[in-house]
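This report concerns only the one structure given below.
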Amino acid sequence: MAQRLQDELAAFFFEYDTPRMVLVRNKKVGVVFRLIQLVVLVYVIGWVFVYEKGYQTSSGLISSVSVKLKGLAVTQLPDLGPQVWDVADYVFPAQGDNSFVIMTNFIVTPHQAQGYCAEHPEGGTCTNDSGCTPGKAERKAQGIRTGKCVAFNDTVQTCEIFGWCPVEVDDNVPRPALLQEAENFTLFIKNSISFPRFKVNRRNLVEEVDAAYMRTCLYHKILHPLCPVFKLGYVVQESGQNFSTLAEKGGVVGITIDWNCDLDWHVRHCKPIYEFHGLYEEKNLSPGFNFRFARHFVENGTNHRHLFKVFGIRFDILVDGKAGKFDIIPTMTTIGSGIGIFGVATVLCDLLLLHILPKRHYYKQKKFKYAEHMGPGAGERDPAATSSTLSLRENMKAS
């Protein structure tokens, strides 16, 4: 054991490996070697350099988005009478953020006031006062229970509550949507971006977009791909959804603005690309998008409100992208990596040559040579060379 350990240590400290160049004339190995090199070359040039732009350094962006909407809608409801709806009525929030809701349908509960009334059956039914615990509110309750069981209608009894009365009844969603005109509303998107690493700023109002063009253009992915004014019906259509169906119960639409810029070219070539995505599935457990808001007013000294359950389309504007520019460091790194990948050809051909081909033993003898320091007798014949020569002669005779 000690002798073996000593031999291993001696081999580690006193032996040296050096490459040996062997020229092998073999058509199969030669063709495989050049094919592998060709594949590696195509990968490095085509994919790494041209497609992935491995010669560039990249920078992310910072972005700001604001929106403006235009359009009018008219409704005629028994409780509210004729009413015109403008931007201040149907856009939430009003300041035009990158995430906003367009009201397309609603259920109104008019002239509510604080008082006592029967709870909606969803808040809990009862048969007598013992089923109504005073001061308690169920999850779907619209007020605080008083402890009395009263008639909600001719057939159902519910607990009396103190709250906004009469209670909201939202069982029947209007069909078609009340603000069907929203399909023709227009959305103006202003997007400013910056690539801080390269100190480059851009807006989606690019050189081709001027005041005269904006007054008449509407975005179209082929005819007007740079117009920043969008028709809501077209946006929903491009997201793969039906506007009339979506308007009834609401939904979510994503608008993405992609900035992928090659700053080795003039900055005017850095332009946005708009895409639209439907983020709503009708088969979901809780389909649609809705929320509530109230309009408060005072009548005869009493506070009142109109309660609206709003169904709308939520638009989320997402900005993404990056910019690239030539840099010597990633260029040299990519070149070095590509040169290293060429070593794969040598490894695979050595595997084929030394372990698979019929004459693999002959090629092993030609590739590997054992040399040992022989001392002062430099003229002594190398046994490894003699063995190699004999093997070569035997192979030549055999062939």
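The backbone N, Cα and C atoms fix where each Cβ goes, glycine too.
In this structure, Asn290 (ATP binding site) is part of a beta strand by DSSP. If you draw a 10 Å sphere around the CB of Asn290 (ATP binding site), it holds 18 other CB atoms from the protein chains shown. According to TrEMBL, the feature ATP binding site maps to Lys68, Leu69, Lys70, Thr186, Asn290, Phe291, Arg292, Lys309.
Secondary structure at Cys165 (disulfide bond), taken from DSSP and collapsed to helix, strand or coil, is strand. Per TrEMBL, the feature disulfide bond maps to Cys117-Cys165 (among others).
Per TrEMBL, disulfide bond is recorded for Cys126-Cys149 (among others). Just so you know, the Cβ of Cys149 (disulfide bond) picks up 20 other Cβ atoms within 10 Å once every protein chain is counted.
A strand conformation is recorded for Cys159 (disulfide bond) in the three-state DSSP classification. Cβ environment of Cys159 (disulfide bond): Ala118, Glu119, Gly123, Gly124, Cys126, Gly131, Cys132, Arg145, Thr146, Gly147, Lys148, Cys149, Val150 lie under 8 Å away, each six or more residues apart in the same chain. Among the features that TrEMBL reports, disulfide bond is placed at Cys132-Cys159 (among others).
What TrEMBL lists as disulfide bond is Cys217-Cys227 (among others). DSSP assigns Cys227 (disulfide bond) to coil, not to a helix or a strand. For Cys227 (disulfide bond), the Cβ neighbour count at a 10 Å cut-off comes to 19, with all displayed protein chains included.
Residues or ranges marked as disulfide bond by TrEMBL: Cys261-Cys270 (among others). Around Cys261 (disulfide bond), the C-beta neighbours below 8 angstroms that are at least 6 residues distant in the chain are Phe195, Val200, Arg202, Val267, His269, Cys270, Gly321, Lys322, Ala323, Gly324.
Annotated N-linked glycosylation site per TrEMBL: Asn184, in sequence order. Asn184 (N-linked glycosylation site) falls within a helical segment according to DSSP.
Feature annotation from TrEMBL assigns region 'Disordered' to 375-399.
Positions annotated as transmembrane segment by TrEMBL: 31-50 (among others). Nonlocal intrachain contacts for the transmembrane segment (31-50), taken as residues 6+ away from its ends with a CB within less than 8 angstroms of a stretch CB, comprise 334, 337-338, 341-342, 344-346, 348-349, 352.
Summarising the annotation, TrEMBL assigns transmembrane segment to 335-357 (among others).
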Going by Cα-Cα distance, pick out whichever of the recorded positions Cys117, Asn184, Cys217 is nearest to Lys309 (ATP binding site).
-> Cys117
Could you round the CA separation between Lys70 (ATP binding site) and Cys217 (disulfide bond) to a whole angstrom and send it over?
-> 14
If you count other Cβ atoms within 10 Å of each one's Cβ, which of the binding-site residues Lys68, Lys70, Arg292, Lys309 has the most?
-> Lys309
Reduced to three states, what secondary structure does DSSP give Leu69 (ATP binding site)?
-> strand
